[in-house]
Each structure stands twice: as structure tokens, then as C-alpha cells.
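Below is one structure, written out as C-alpha cells; comments come after it.
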Amino acid sequence: MATADDLKFQEFDDAANLLAANPDATTISIDEPVEIPKNQHSRLQEPGREEDDELLGTDDSDKTELLAGQKKSAPFWTFEYYQTFFDVDTYQVLDRIKGSVFPVPGKNFVRLYIRSNPDLYGPFWICATLVFTIAVSGNLSNFFIHLGKPTYHYVPEFRKVSIAATTIYAYAWLVPLALWGFLMWRNSKVMNIVSYSFLEIVCVYGYSLFVYIPTAILWIIPQQVVRWVLMVFSLCLSGSVLVMTFWPAVRDDNRRIAVATVAAILLLHALLAVGCLAYFFDAPELDIPPPVIPAHNGTTVITKSH
């Protein structure tokens, strides 16, 4: 027969002996979950890394991506597949436009506005509106510059619409494609690189161009100093959105590569703004040949316009 001492759990004896030797010792029950103290958890998290951890893929972001994948389960050749890219309401679009015009330091545009439901509705119509705004404002600017000159005859330049459309849409699609490919390549070499989808990058670039719509309207003002000040101001706003979004994606990469990537993003963005302003608004005036008036005696008289 086994005695009562033989049936006693060894763990209880160890706990009793431990408490007798050290009354301040703590014991953990098997049924109770082990909790990490808050101060220890805060030491594990480096300052400013919570946002990057979510972008790198936490449970919440994994659930979001899983839900997004469930919404896009339709085949890519069907209309339902592309319909999901335009499944946003007015309040979401306005909120994202507001976030692109008024960037908050330290806040990631993708995490705050895009990752839950990236869309193509806002980028598509922002680019379309910007195309017609630049083309129309450029024609009006040219008209006001030459207004009052007797030798000037206004002719609408419809080719500016096609040039603006090619430039804007090529920038809004090809640059994100190149950036997405570069981030995928660096992600295969550096484990801590933040991963963005191609749709998220296109969404960021599309909304970052909104600030140029009111700027293009103000570019009608026939003062070069005012135009360039407006361009620099708009470039700082839209460029800051891109920097705060893509700097966490390359921050853990090689220092030179990270700085060069952000510099290339800003350079291409600046080239777009400067190119649009220089071509559509600050184009050099064409020398209009003076009219030739035939004289009655068979000679021609060339009048000079001042």
C-alpha cells in the first residue's frame, strides 16, 4: 500500500520548500497564463518601431492582408476583380486626400489610410483632374501673357492635353512599378525591409499628386516668382508624404542605398513638378514674324512690332 507521502505531488513539496526558504518568492500556477511585465515588454520594443512592426507583418496586418486577399479572390479577367479596386466611399477618399495635403510627422500614410483598403479610384481621378487642370491652366496662362499684343492670335493647344496625360500617368504608374521592384529585390537581401504591395505604392503616389491641382490653377498668375514659390511649397508637401512613407521601408538597409533611394524618389518628384511648370507655363515666347504689307509701287514694307 502506498502511503500518503508517496501520493503527494513533488511540485508541491518543491514550492513549499521554496516558500519556506524565501518568503518573497513567487509561484506560477499551470492554469494561469504567463504575463510579461509591461516594463519588460517596453524594453523589447525599440522607440518608433511599433509602426514598422505592423508594416513588417503582425497579427493584425496579417489578418488585414488575409481579408484583402479574400475580397480579391475573383479571377483577374473578370469585372468583379477590378471592381474591388474602386470599392471606396467619398469619406475615405476625402480622408486620404486630407492626409496627403496635411502630412503628420511620424505617421505612415499607408498604415493610417491605405493598408485597410487600397484603391485606384482616387489616384485615377486625381491624375485625370491634374491632366486637364495643367492643360487648361497652361493655355490660359499663355493667353494672359500675350493679351493685348496686336500681333498675337490665340490658338488653343489641344496637344498639351495628350502630353500632360502621357507625363502624369507614366509617372504615376512606371515610377511606383520601379520602386516596387526595387523594394522586392532589397527585401530578398535584407530581412527587415518593410514590404509594400504594388497597389499600395500606386495609391500613395496617386494621392500625393492632389496638391498640384490647386497649385496648377494658381500657376495662371503671370508672375514667375509666385509660380516657383507655389511649386516649391507643393513639392515640400507631397514630397514629405513620400519620404515619411518609404523611409521606413529602406531605413534598415545599407545607409548609402537608403539615402540614395529616398533621394531618387524626391528627384523624380521634383522633375515632374519642374517639368510641368517649365513646359506648360514658363515656356519661352515664340518669335512672331512681323506682318508683311505690300506697297502700291510693287515693294514690300516690313513693319516692326515693339
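Every residue, even glycine, has its Cβ placed from backbone N, Cα and C.
Under the heading compositional bias 'Acidic residues', TrEMBL lists 49-59.
Residues annotated as domain 'Yip1' in TrEMBL: 101-273.
TrEMBL lists 29-61 with the feature region 'Disordered'.
With a threshold of 8 Å between CB atoms, the same-chain residues lying at least 6 positions outside the transmembrane segment (120-141) that come near it are 85-86, 88, 93, 96-97, 156-157, 160-161, 164-165, 168-169, 172, 199, 202-203, 205-207, 209-210, 212-213, 216-217, 219-220, 222, 276, 280-281. The transmembrane segment annotation in TrEMBL covers 120-141 (among others).
For 161-185 (among others), the entry in TrEMBL reads transmembrane segment.
The transmembrane segment annotation in TrEMBL covers 197-222 (among others). Counting only same-chain residues 6+ beyond the ends of the transmembrane segment (197-222), those with a CB under 8 A from a CB of the stretch are 85, 96-97, 99-101, 109-110, 113-115, 118-120, 122-124, 126-127, 129-130, 133-134, 137, 140-141, 144-145, 168, 171-173, 175-177, 179-180, 230-231, 233-234, 237-238, 241-242, 245, 269, 273, 276-277, 281.
Residues annotated as transmembrane segment in TrEMBL: 228-250 (among others).
Beyond the ends of the transmembrane segment (257-281), by six or more residues, the same chain brings 134-135, 137-138, 141, 160, 163-164, 167-168, 171, 175, 179, 182, 186, 208, 212, 216, 219, 227-228, 231, 234-235, 238-239, 242-243, 246-247, 250-251 to within a C-beta distance below 8 angstroms of the stretch. Residues or ranges marked as transmembrane segment in TrEMBL: 257-281 (among others).
For the transmembrane segment (228-250), same-chain residues at least 6 beyond its ends with a Cβ under 8 Å from one of its own Cβ atoms are 51-52, 55, 99-101, 103, 105-110, 179, 183, 186, 193-196, 204-205, 207-209, 211-212, 215, 218-219, 257-258, 261-262, 265-266, 269-270, 273-274, 277.
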